[in-house]
Structures are given as C-alpha cells and as structure tokens.
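S.K.: First the structure, then my questions, so here it is.
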Amino acid sequence: MDAFDIPRLRGVSHAYAFFVAVVAAALLIVFTPGREPRMAAAVYGIGLCALFGGSALYHRWRWNPSWRPWLRRVDHSMIYVFIAATYTPVGWLVLSGATQWIVLISVWAGAAAGVTLSIAWINAPRWLCAICYLALGWVAVVAFPQMQSELATVPLTLIGLGGLLYTIGAVIYAMGRPNPWPKVFGFHEIFHVFVILAAVAHFVAMAGWIVPSGLHS
C-alpha cells in the first residue's frame with residue numbers, strides 16, 4: 001500500500017493512546033513507593049509510551065519517502081521492546097529463582113533479536129512478524145505455575161485476557177482481515193484497537209497488583 005493510500009484513521013487510536021499512556025505511566029511511577037517497584041514501573045511505563053509513540057509517529061504523518069523506512073523500523077522495533085518491558089515488572093517483582101532469570105533474559109534477548117530483525121528486514125511479511133510477536137509474548141507459559149501461585153485470580157485473569165487480545169490482534173494483522181472499510185478503518189486499525197484493549201488490561205494488572213507486590217517481597 002502506498003504511503004498516501006492508507007485508511008484515514010490509520011494511527012489515530014494510537015496517537016490518543018500515546019497521550020493517555022504518558023499520563024498513566026507518569027502517575028504509576030510517581031505513586032509507586034519503593035526503589036525496585038518504581039524502577040520496574042519505569043521500565044514498563046517507558047515501554048508503554050514508546051509503543052504508542054512510535055506507532056503514532058509512523059502512522060499519522062505523511063513522511064518523506066526517505067524517512068518512512070526508518071520510522072517503520074522504529075514502529076516495529078518498539079513492539080518487541082514493549083513486550084519485554086511488560087514482562088519486566090512480572091519477572092522482577094513476582095517471579096523468583098531460576099524462573100525469574102529465564103523469563104527476564106529470554107524476553108530481553110528476544111526483544112533484541114526482534115529489533116535486529118526489524119532493522120535488517122524492513123519488509124518482512126506480516127505473518128512472520130506476527131509469529132515473532134506471539135512467540136515472545138507467550139514466554140509467560142514458562143512462568144505460569146509460579147505466577148499462579150504468587151498472583152491472585154484477578155491480576156492473573158487480566159494478564160491472560162491481555163494476552164488473548166494481543167493474540168487476536170496479531171492474527172488479524174497477519175491475515176489482513178477483516179478489512180471493513182479499507183479507505184477509512186481497515187484491518188490494521190482493528191489490530192491497533194486490540195493492542196489498546198490488551199494494554200489496558202495489562203496496565204490495570206500492573207497498577208493494581210503486580211507493581212505493588214514488590215513492596216511485600
């Protein structure tokens with residue numbers, strides 16, 4: 001699709017989400033007591049803002065053709081960074097022992113590999129990108145037994161719900177359908193909406209349970 005032949009609402013939802021994310025992340029960081037919980041919240045909050053900021057920056061403006069490939073790299077790279085940033089409070093504050101290190105090292109190494117892929121292969125097929133996002137995102141399966149024992153039902157459900165929403169969005173992105181109004185609101189916009197819904201579910205879990213759990217560890 002040509003840079004100027006995109007749905008009119010492309011990136012609008014993520015532009016609004018970026019400003020909400022900045023406020024939400026700032027409040028989470030400021031009102032989180034304790035050094036380690038606050039540091040974990042900062043990593044997560046910065047990743048959240050980077051995801052929506054990179055997406056809005058790339059999708060909302062008609063960039064010069066020489067700039068677009070680089071902004072596309074930023075957009076795709078920030079997805080991997082955000083996935084790892086989302087795992088950081090869980091790995092840092094909830095998990096322990098070998099599981100903690102396996103999860104944190106795996107997600108950040110995976111994010112580094114994903115960023116490298118995004119930079120080196122800018123036109124990688126959507127289905128491959130979706131598989132990479134999902135593979136990194138579902139590292140939580142390894143830590144599920146410990147998460148189940150450490151977290152209450154509500155945050156665990158919110159994490160699972162967020163993962164499900166991200167997965168549905170990634171499948172829609174990979175398939176390119178449904179594509180209801182290609183000139184206004186297409187499959188990519190639906191994907192963006194699912195990302196926002198998933199991020200909200202995870203933020204509630206982070207702010208309500210996961211980050212505060214570090215105060216009692």
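Cβ from N, Cα, C; glycine included.
As listed in TrEMBL for this protein:
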BINDING   His59, His188, His192  Zn(2+) binding site
TRANSMEM  12-33  transmembrane segment
TRANSMEM  39-58  transmembrane segment
TRANSMEM  78-95  transmembrane segment
TRANSMEM  101-120  transmembrane segment
TRANSMEM  127-144  transmembrane segment
TRANSMEM  156-175  transmembrane segment
TRANSMEM  187-211  transmembrane segment
S.K.: Any chance you could find the range in 12-33, 101-120, 127-144, 156-175, 187-211 with the most Cβ pairs under 8 Å to the transmembrane segment (78-95)?
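M.R.: Stretch with the highest Cβ contact count: 101-120.
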S.K.: Using a 10 Å cut-off, grab the number of neighbouring Cβ atoms around the Cβ of His188 (Zn(2+) binding site), all chains included.
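M.R.: For His188 (Zn(2+) binding site), the 10 Å Cβ neighbour count is 21.
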S.K.: Hey, does DSSP put His188 (Zn(2+) binding site) in a helix, a strand, or just coil?
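M.R.: The residue in question, His188 (Zn(2+) binding site), is helix (DSSP, three-state).
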S.K.: Below 8 Å Cβ to Cβ and six or more residues apart, same chain only. Which residues does that give for His192 (Zn(2+) binding site)?
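M.R.: His192 (Zn(2+) binding site) has long-range Cβ partners Gly11, Ser13, His14, Ser55, Gly169.
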S.K.: Between the stretches 101-120, 127-144, 156-175, 187-211, which one has more Cβ pairs under 8 Å with the transmembrane segment (12-33) than any other?
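M.R.: Out of the listed stretches, 187-211 contacts the transmembrane segment (12-33) most.
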S.K.: Cβ distance under 8 Å to His59 (Zn(2+) binding site), same chain, sequence separation 6 or more: which residues?
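M.R.: The answer is Ile6, Arg10, Gly11, His14, Ala15, Asp75.
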S.K.: I need the neighbours of the Zn(2+) site defined by His59, His188, His192. Which other residues of that chain put their C-beta within 8 angstroms of the C-beta centroid, in sequence order?
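M.R.: Checked against the 8 Å cutoff, the neighbours are Arg10, Gly11, Ser13, His14, Ser55, Glu189, Phe191.
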S.K.: What same-chain residues lie close to the transmembrane segment (156-175): Cβ under 8 Å, and 6 or more beyond its ends?
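M.R.: Those are 90, 126-127, 129-131, 133-134, 137-138, 140, 147-148, 187-188, 190-195, 197-199, 201-202, 204-205, in sequence order.
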